[in-house]
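A.B. asks: This is the feature table in TrEMBL:
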type	residues	note
SIGNAL	1-21	signal peptide
DOMAIN	20-59	domain 'SMB'
DOMAIN	276-424	domain 'AMOP'
DOMAIN	436-626	domain 'VWFD'
DOMAIN	712-769	domain 'Sushi'
DISULFID	CYS740-CYS767	disulfide bond
TRANSMEM	777-799	transmembrane segment
Amino acid sequence: MERFSMLIFVLLAACICRTLGNTCERQCGKKLFTCSCEPTCKSLKTCCADYSEFCVEISPYSGSIMGGTEFVILNATFNNTSNLVCRFHGNTVTEGYVDGDRRGHCVSPLLYRTGLVSVEISSDNGTTFSRTGTWLSVHTGKLDSKFKAAMVNSTQWQYYGTPNVGGTLNMTWNPSLVRADKVNIELWGYRETGEPYETDWRAEWKYLYTLAKDHPNTGSFSFVPKPGQNGSSSWELGSVRVSSNVHQEGKSHVQAVWTEDHALAWQLEEKFRENSSAWALDKCLAWDKLEEKILSFIRELIDCPCTLAQARADTGRFHTDYGCDIEKGSVCTYHPGAVHCVRAIQASPLYGAGQQCCYDSNGTQVLTGDSIGGSTPDRAHDWGSPPYDIPPHVPGQSHWVYDVLSFYYCCLWSDNCQYYFKHRPSSDCRQYKTPSTAVVFGDPHFVTFDGVSYSFNGRGEYNLVTSESMRLRVQGRTEPVSGTINATKLTAVAMKESYFDIVEVRLASDQNSLEVLRDGKSLSFSEQSWIDLNGVSVFSPSPTNVTAMFRSGAGVEVRLREGIMTTTVLLPESFKNTTLGLLGRMNGDPADDLTLNNGQVVQNQSNPEEVFSFGVSCAITQLSSLFTYDTKYLLDTYASGPKHHVGFIPVFSIPENPNDPLANETSKICSGEGSQFCRYDILVGRSPSMGNASRASFQSHISLMKALAPVAACGYVAAPENGEKLGVSYVQGAKLTFSCNDGYTLQGSQDRVCQENGQWSGEMAQCVGPSNNTAGIIAGSVIGGIVLILIITMAVLYCKRQSRKSKVKEAGGSF
């Protein structure tokens, strides 16, 4: 009865709201006349009465791009007779149901995109969609393994039918992921049709056939595979789906669990099993011809970083490749010999291509000229790219079709890698430029892009970085360390590039974790650590660690230590001469870093009052603010008042008092480079933990600068024909040694060293064989014989001439 009364109340409230025009039905994200449907309304207590009913939250909020995840719609109630359907991204519809508690359930569909997508919910079988929410579609490689069906011994699956690989295949899954006593186990295939880069280029997932019907949902299945029938063996890429047997075989968008997509060696035609190498070579040669014909994408790719340290530090442009991660044991299936790979975060602008860079245990980039495990460019970025739904932008699958299956053809199922590497040569790092980096930490202290260090303790909201030409803004908010001390700390950072989403990272209410907001709405990282937004991706592997990565290659890292935020900004070379703000002008000239908004440059950077004036000039305006004001405190303190609080006068210098009870502790904690920041935070901020955090943050910045130090590169050098090369590094200081096979002679330099100017010392090494010497001898002999004949002929002619002269003299005549 109580539940029924609540339902009547909700329906009555909704009716009243509609009458007054203040309902959130199809109004989510908007501010209405007397109430709000914005995400901030909950903390401000300004929500319309039906906000939770129509602006819904769902649980779980994320799942595989392959679909099949069932979620419940929170806080909303439905009639038991409702015909529930959910629409994703405006076009893909799945069926739902209402449970006994009047809660709505839906199933995520198979999508061709990752990231946040809209979910619209209808209770009248799709006539109207009155409720809205969001769903996070996740790349299969980034999805936690507990949400996938596992192919036991995946190598056996993907090499099945090659020499000495056969037998029974096994798979397992968590039975709770499919709500059924019995399941169907089906094979689905993926392919791309039409002409590459033409308007008819399409992606297609298709049900192929059922491996088992009405199989007990025990979480395991074994079978001996056979070649696919009725043309299905021509599908070379796919995934196995486990779903309830109550559904018709091959029915789309039902609760299910999938294996990862993989090469379908185990169901290819009989010809593959008879001679897999010959079959694969034919495929490799066909791929080679296709690559010769279609557009080249290599030139628009970013070059790889020169070292592993650079690759891991350049977090705005590169991120760990989940298939080869040093933090997870370096299981690099497709890059043997590598210990870590990274991928360029952004796909290339025109062709949606990707760059992959791999490194060995010495931190040296591995190149395909030296190893099958070398770095490779990709025609299709593995993680996909906008607009996603069409090739080559489909996450995962497009990459499989054009970059991975071909690797199987040419390298894994046959020994013809030369064809593959002809079209997928490693990028070296000769054109790679490390990003510039700046940081704000502690009380707060700043190190600009050009290395100027200073402190600014203003209270307010300020521009950390602005770049008008690159359309990037990064803003910071500072608040007092405590109510009794005139020092401040960074508590929030908001950022936006171009017309894309605003990302804000701020101290959570518990002061021990970070909260991330997207356009004013809090994002959850409880299920996934990576979220693709509009124009920006956010990675948060822990509650104290957030990185935002923008289309331009800019990266913003926010770290929390001892309740103190540290923010690092990394900008690629394209931002040179475009930046203003507290983090300075990025132009290599530290003298003009502290430039007021009137163009005047601070002459004495060690004068705290002058520096303070510079900081004040970087205050944002109300119109330019990117921040979310979702509490009364923020509204009263920062939203409506001046962005710089003129009444807050900080302590400009460190008090020197030998009797200070913190003096001894300060001496113990603060030493070495950056000690002045540590001392300030302890003696002014009265917080040893803050001083210790500042010391650690500054040292981390120094380590980052060292990792990103530019390295000269001289480019790849191949071993000479009929010879060998010792050495696989091509950066400054690297040495290559060349030798020749028996019977061949080395010409050129035996040793070559990569010099600071990016040039190799010495001359190109060549191995000259015996056949070359014989030819030289023969040529020399012929030439020598001709010369000898000429000499003899000239000598004979000379003798005859002298004889005639003698006869003339004897006769008394003249010549």
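First residue shown is number 1, and so on along the chain.
The backbone N, Cα and C atoms fix where each Cβ goes, and this holds for glycine too.
Give me the lay of the land around each of these features.
C.D. replies: Listed by sequence, the residues of this chain that lie at least six past the ends of the domain 'SMB' (20-59) yet keep a Cβ under 8 A from its Cβ atoms are 10, 13-14, 71-77, 106, 119, 121, 129-133, 135, 519-522, 628-632, 635.
Confidence over the domain 'AMOP' (276-424), given as mean pLDDT on the 0 to 100 scale, stands at 96.
Counting only same-chain residues six or more apart in sequence, the Cβ atoms lying under 8 angstroms from the Cβ of CYS740 (disulfide bond) belong to PRO720, ASN722, GLY723, GLU724, LEU746, CYS767.
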A.B. asks: With DSSP helix as H/G/I and strand as E/B, how many residues of the domain 'AMOP' (276-424) fall in helix, strand and coil?
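C.D. replies: Across the domain 'AMOP' (276-424), the residues distribute as 53 helix, 19 strand, 77 coil.
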A.B. asks: Is it possible to list how many residues within the domain 'Sushi' (712-769) are helical, extended or coil according to DSSP?
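C.D. replies: Helix, strand and coil residues of the domain 'Sushi' (712-769) number 0 helix, 23 strand, 35 coil.
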